[in-house]
Amino acid sequence: MATTHAQGHQPVLGNDTLREHYDYVGKLAGRLRDPPEGGTLITTILFLVTCSFIVLENLMVLIAIWKNNKFHNRMYFFIGNLALCDLLAGIAYKVNILMSGRKTFSLSPTVWFLREGSMFVALGASTCSLLAIAIERHLTMIKMRPYDANKKHRVFLLIGMCWLIAFSLGALPILGWNCLENFPDCSTILPLYSKKYIAFLISIFTAILVTIVILYARIYCLVKSSSRRVANHNSERSMALLRTVVIVVSVFIACWSPLFILFLIDVACRAKECSILFKSQWFIMLAVLNSAMNPVIYTLASKEMRRAFFRLVCGCLVKGKGTQASPMQPALDPSRSKSSSSNNSSHSPKVKEDLPRVATSSCIIDKNRSFQNGVLCK
């Protein structure tokens with residue numbers, strides 16, 4: 001009967017394989033609604049706006065690190081890589097939302113695996129990046145050496161390994177580890193994914209997070225028990241970064257733990273038995289919000305990053321105001337030339353030297369304007 005139903009609605013449903021799997025786990029009716037699964041237009045717009053905000057703020061982090069030479073060191077390379085992961089997570093989830101609902105059934109299984117796999121690649125890269133940061137901090141604390149800017153090979157090696165592991169984990173379903181034509185093994189949250197694959201991913205990510213916690217606990221013990229002060233190698237900056245990263249890891253665990261628990265429930269439950277699995281979009285959104293919180297943590301916890309952010313924003317504002325104020329400059333110049341025309345032509349060099357002072361004094365006189373004649377008043 002299900003087959004007859006599918007044949008009668010082939011132009012609407014599109015792919016039989018996807019329809020059969022969604023029907024088996026009980027998500028077919030929800031996906032035929034736009035927005036899917038009981039969502040409203042407001043929540044869909046909210047999710048899309050959140051994803052756009054995630055992309056924008058993480059792009060600002062990358063630009064700030066790229067433009068500021070102080071951030072061209074190991075730790076900020078890792079933070080930049082984490083920002084790149086968060087940026088890609090925002091893009092991947094936005095694409096996922098736009099391709100959901102009825103559009104799901106117009107996808108081939110390969111495109112479906114790419115759509116869902118991109119989220120797992122971003123998650124894997126984020127988790128591995130946090131592990132790489134913990135490894136780097138641990139090695140630095142053990143050696144107690146100043147940072148050598150010329151030795152960056154370890155940084156890029158760790159970052160490369162992060163992405164290699166992430167792509168490998170995300171590609172497993174499309175390479176064959178899935179539940180196509182094996183319905184009892186299908187996940188309810190991701191109907192083409194094998195429950196064994198999801199259990200494997202959760203175990204991998206949990207092991208990574210436990211390793212991260214152990215490494216930071218060891219770093220803390222090294223700092224407390226060491227007779228040498230960390231001030232011997234730029235400690236203020238180092239400890240500020242350490243606090244920032246610990247906060248990032250804590251927020252990561254808080255945001256992703258509910259989704260991990262939901263996946264474990266998915267592995268344990270049979271199809272259509274656990275109603276909470278049909279509300280997975282809220283758990284996924286909480287996990288994606290982690291990508292929006294990381295740049296906020298960088299800004300609040302690091303003075304250097306906060307200054308870089310403000311410079312970046314103020315620089316854009318100054319450029320925008322400068323282009324608007326530039327047409328007024330020719331109108332002001334003749335007044336100066338008239339006042340200077342009463343003097344002898346022999347005094348013209350002196351007039352040129354005094355011009356910057358006039359611009360500065362006009363800044364001081366008019367305190368109500370922060371930008372005047374192309375000059376930024378402080």
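The backbone N, Cα and C atoms fix where each Cβ goes, glycine too.
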Record feature N-linked glycosylation site (Swiss-Prot), assigned residue among ASN15, ASN368: ASN15
Long-range Cβ contacts under 8 Å made by the topological domain 'Cytoplasmic' (66-74), restricted to residues 6 or more beyond its ends, are 80, 136, 140, 147, 149, 152, 154-155, 304-305, 308, 311-312
Test of understanding: applying the rule of at least three C-beta pairs under 8 Å (pairs 6 or more apart in sequence), is the transmembrane segment (116-136) touching the transmembrane segment (197-217)? yes
For the topological domain 'Cytoplasmic' (137-154), mean pLDDT (0 to 100): 67
